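The structure appears right after this line, and notes come after that.
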Amino acid sequence: LGGCGILGVGIWLAVTQGNFATLSSSFPSLSAANLLIVTGTFVMIIGFVGCIGAIKENKCLLLSFFIMLLIIFLLELAVVILFFVYTDKIDKYAQRDLKKGLHLYGTDGNIGLTNAWSIIQTDFRCCGVSNYTDWFEVYNTTRVPDSCCLEFSENCGLHSPGTWWKAPCYETVKIWLQENLLAVGIFGLCTAMVQV
(Lines of atoms letter the chains of each structure in order from A; the text may use other names.)
(Lines give C-alpha, C1' and ligand atoms only; values in the text may rest on other atoms or scores of the structure.)
Protein backbone atom coordinates (compact mmCIF):
# COMPACT_ATOMS: atom_id res chain seq x y z
CA LEU A 1 0.00 0.00 0.00
CA GLY A 2 2.89 2.33 0.79
CA GLY A 3 4.45 1.51 -2.59
CA CYS A 4 1.14 2.24 -4.34
CA GLY A 5 0.93 5.59 -2.57
CA ILE A 6 4.51 6.57 -3.48
CA LEU A 7 3.98 5.44 -7.09
CA GLY A 8 0.73 7.41 -7.29
CA VAL A 9 2.37 10.62 -6.04
CA GLY A 10 5.25 10.09 -8.50
CA ILE A 11 2.89 9.65 -11.46
CA TRP A 12 0.82 12.66 -10.37
CA LEU A 13 3.99 14.80 -10.15
CA ALA A 14 5.19 13.57 -13.55
CA VAL A 15 1.83 14.36 -15.21
CA THR A 16 1.11 17.71 -13.54
CA GLN A 17 4.57 19.17 -12.88
CA GLY A 18 6.76 17.73 -15.64
CA ASN A 19 10.32 17.16 -14.43
CA PHE A 20 9.72 18.86 -11.11
CA ALA A 21 12.80 19.33 -8.95
CA THR A 22 15.28 18.45 -11.68
CA LEU A 23 18.41 20.45 -10.86
CA SER A 24 21.12 18.34 -12.46
CA SER A 25 22.01 18.84 -16.11
CA SER A 26 24.07 15.63 -16.11
CA PHE A 27 21.17 13.55 -14.77
CA PRO A 28 17.98 15.18 -16.14
CA SER A 29 15.93 12.05 -15.37
CA LEU A 30 16.89 12.37 -11.69
CA SER A 31 13.72 14.28 -10.81
CA ALA A 32 11.49 13.98 -7.75
CA ALA A 33 8.73 12.38 -9.88
CA ASN A 34 11.02 9.74 -11.40
CA LEU A 35 12.60 8.90 -8.03
CA LEU A 36 9.15 8.41 -6.49
CA ILE A 37 7.98 6.25 -9.41
CA VAL A 38 11.05 4.00 -9.21
CA THR A 39 10.89 3.78 -5.40
CA GLY A 40 7.16 3.08 -5.41
CA THR A 41 7.54 0.36 -8.04
CA PHE A 42 10.33 -1.39 -6.08
CA VAL A 43 8.41 -1.20 -2.80
CA MET A 44 5.27 -2.61 -4.49
CA ILE A 45 7.17 -5.52 -6.07
CA ILE A 46 8.98 -6.42 -2.84
CA GLY A 47 5.79 -6.08 -0.78
CA PHE A 48 3.86 -8.21 -3.28
CA VAL A 49 6.49 -10.99 -3.20
CA GLY A 50 6.50 -10.91 0.62
CA CYS A 51 2.69 -10.97 0.93
CA ILE A 52 2.19 -13.79 -1.58
CA GLY A 53 5.06 -15.73 0.02
CA ALA A 54 3.48 -15.38 3.48
CA ILE A 55 -0.06 -16.24 2.31
CA LYS A 56 1.04 -19.28 0.29
CA GLU A 57 3.76 -20.15 2.83
CA ASN A 58 6.10 -20.51 -0.13
CA LYS A 59 9.74 -20.77 1.03
CA CYS A 60 11.10 -19.70 -2.38
CA LEU A 61 9.08 -16.44 -2.41
CA LEU A 62 9.92 -15.71 1.23
CA LEU A 63 13.61 -16.31 0.53
CA SER A 64 13.39 -14.00 -2.52
CA PHE A 65 11.71 -11.38 -0.33
CA PHE A 66 14.48 -11.66 2.28
CA ILE A 67 17.26 -11.47 -0.37
CA MET A 68 15.72 -8.39 -2.03
CA LEU A 69 15.39 -6.61 1.34
CA LEU A 70 18.95 -7.57 2.26
CA ILE A 71 20.33 -6.24 -1.05
CA ILE A 72 18.46 -2.94 -0.65
CA PHE A 73 19.63 -2.63 2.96
CA LEU A 74 23.27 -3.25 1.96
CA LEU A 75 23.00 -0.77 -0.94
CA GLU A 76 21.60 1.89 1.41
CA LEU A 77 24.44 1.22 3.86
CA ALA A 78 27.04 1.46 1.06
CA VAL A 79 25.57 4.74 -0.20
CA VAL A 80 25.66 6.28 3.29
CA ILE A 81 29.29 5.18 3.86
CA LEU A 82 30.40 6.42 0.39
CA PHE A 83 28.60 9.72 0.98
CA PHE A 84 30.50 10.39 4.21
CA VAL A 85 33.85 9.21 2.77
CA TYR A 86 33.60 11.31 -0.42
CA THR A 87 31.74 14.37 0.93
CA ASP A 88 34.30 16.88 -0.39
CA LYS A 89 34.38 15.36 -3.90
CA ILE A 90 30.57 15.17 -3.98
CA ASP A 91 30.41 18.86 -2.94
CA LYS A 92 32.73 19.97 -5.76
CA TYR A 93 30.99 17.82 -8.37
CA ALA A 94 27.51 18.94 -7.26
CA GLN A 95 28.43 22.64 -7.43
CA ARG A 96 30.00 22.25 -10.88
CA ASP A 97 26.98 20.30 -12.15
CA LEU A 98 24.49 22.79 -10.71
CA LYS A 99 26.35 25.70 -12.36
CA LYS A 100 26.13 23.86 -15.69
CA GLY A 101 22.42 23.37 -15.09
CA LEU A 102 21.88 27.13 -14.68
CA HIS A 103 22.40 27.48 -18.46
CA LEU A 104 19.23 25.43 -19.03
CA TYR A 105 17.12 27.78 -16.87
CA GLY A 106 14.13 29.12 -18.78
CA THR A 107 14.84 27.07 -21.91
CA ASP A 108 12.30 24.88 -23.74
CA GLY A 109 11.79 21.44 -22.24
CA ASN A 110 13.38 22.42 -18.91
CA ILE A 111 10.34 23.60 -16.97
CA GLY A 112 11.19 21.27 -14.08
CA LEU A 113 14.69 22.73 -13.67
CA THR A 114 13.34 26.29 -14.04
CA ASN A 115 10.61 25.71 -11.42
CA ALA A 116 13.04 24.02 -9.03
CA TRP A 117 15.51 26.93 -9.17
CA SER A 118 12.72 29.50 -8.78
CA ILE A 119 11.30 27.72 -5.73
CA ILE A 120 14.72 27.25 -4.08
CA GLN A 121 15.78 30.88 -4.62
CA THR A 122 12.45 32.23 -3.38
CA ASP A 123 12.07 29.93 -0.36
CA PHE A 124 15.70 29.96 0.79
CA ARG A 125 16.23 33.66 -0.04
CA CYS A 126 19.37 32.94 -2.02
CA CYS A 127 20.69 33.50 -5.53
CA GLY A 128 22.90 31.32 -7.74
CA VAL A 129 25.00 28.32 -6.73
CA SER A 130 27.96 30.12 -5.13
CA ASN A 131 26.56 33.69 -5.47
CA TYR A 132 24.41 35.83 -7.76
CA THR A 133 27.26 36.38 -10.26
CA ASP A 134 26.72 32.76 -11.45
CA TRP A 135 23.74 34.12 -13.39
CA PHE A 136 25.86 36.74 -15.20
CA GLU A 137 27.51 33.92 -17.20
CA VAL A 138 24.08 32.50 -18.09
CA TYR A 139 22.64 35.80 -19.35
CA ASN A 140 25.98 37.30 -20.53
CA THR A 141 24.98 40.48 -18.73
CA THR A 142 24.46 41.86 -15.20
CA ARG A 143 21.12 40.15 -14.63
CA VAL A 144 19.51 37.47 -12.44
CA PRO A 145 16.14 35.66 -12.54
CA ASP A 146 13.25 37.48 -10.86
CA SER A 147 13.20 34.77 -8.14
CA CYS A 148 16.48 36.29 -6.83
CA CYS A 149 14.83 39.61 -5.97
CA LEU A 150 14.30 40.77 -2.37
CA GLU A 151 10.88 42.05 -3.49
CA PHE A 152 9.43 40.21 -6.46
CA SER A 153 8.22 42.24 -9.44
CA GLU A 154 8.30 41.77 -13.21
CA ASN A 155 11.89 42.11 -14.54
CA CYS A 156 13.26 43.00 -11.09
CA GLY A 157 16.29 40.85 -11.99
CA LEU A 158 17.45 43.67 -14.27
CA HIS A 159 17.80 46.11 -11.35
CA SER A 160 20.93 46.69 -9.26
CA PRO A 161 22.59 43.96 -7.14
CA GLY A 162 21.35 45.76 -4.01
CA THR A 163 17.83 44.46 -4.76
CA TRP A 164 18.88 40.76 -4.97
CA TRP A 165 19.48 38.03 -2.40
CA LYS A 166 23.19 37.74 -1.60
CA ALA A 167 23.29 34.28 0.03
CA PRO A 168 24.63 31.36 -2.08
CA CYS A 169 21.95 28.69 -2.61
CA TYR A 170 24.31 25.72 -2.33
CA GLU A 171 25.61 26.70 1.11
CA THR A 172 22.17 27.86 2.31
CA VAL A 173 20.49 24.56 1.38
CA LYS A 174 23.47 22.60 2.80
CA ILE A 175 23.19 24.44 6.15
CA TRP A 176 19.41 23.79 6.19
CA LEU A 177 20.03 20.07 5.58
CA GLN A 178 22.64 19.96 8.35
CA GLU A 179 20.23 21.67 10.77
CA ASN A 180 17.59 19.04 9.90
CA LEU A 181 20.07 16.15 9.94
CA LEU A 182 18.54 14.76 13.14
CA ALA A 183 15.11 14.43 11.49
CA VAL A 184 16.67 12.86 8.38
CA GLY A 185 18.70 10.49 10.58
CA ILE A 186 15.63 9.44 12.59
CA PHE A 187 13.69 8.84 9.34
CA GLY A 188 16.57 6.77 7.94
CA LEU A 189 16.88 4.80 11.19
CA CYS A 190 13.14 4.08 11.26
CA THR A 191 13.27 2.93 7.61
CA ALA A 192 16.22 0.65 8.41
CA MET A 193 14.43 -0.77 11.47
CA VAL A 194 11.30 -1.53 9.40
CA GLN A 195 13.48 -3.29 6.81
CA VAL A 196 15.28 -5.32 9.48
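The backbone N, Cα and C atoms fix where each Cβ goes, and this holds for glycine too.
Any TrEMBL annotation is an automated prediction that lacks curation.
Features reported for this protein in TrEMBL:
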TRANSMEM  6-23  transmembrane segment
TRANSMEM  35-55  transmembrane segment
TRANSMEM  61-86  transmembrane segment
DISULFID  CYS127-CYS148  disulfide bond
Across all chains shown, how many C-beta atoms besides its own are within 10 angstroms of the C-beta of CYS127 (disulfide bond)? 28
Quick note, CYS148 (disulfide bond): same-chain residues at least 6 apart with CB under 8 Å of its CB -> GLN121, CYS127, GLY128, TYR132, TRP135, GLY157, TRP164, TRP165
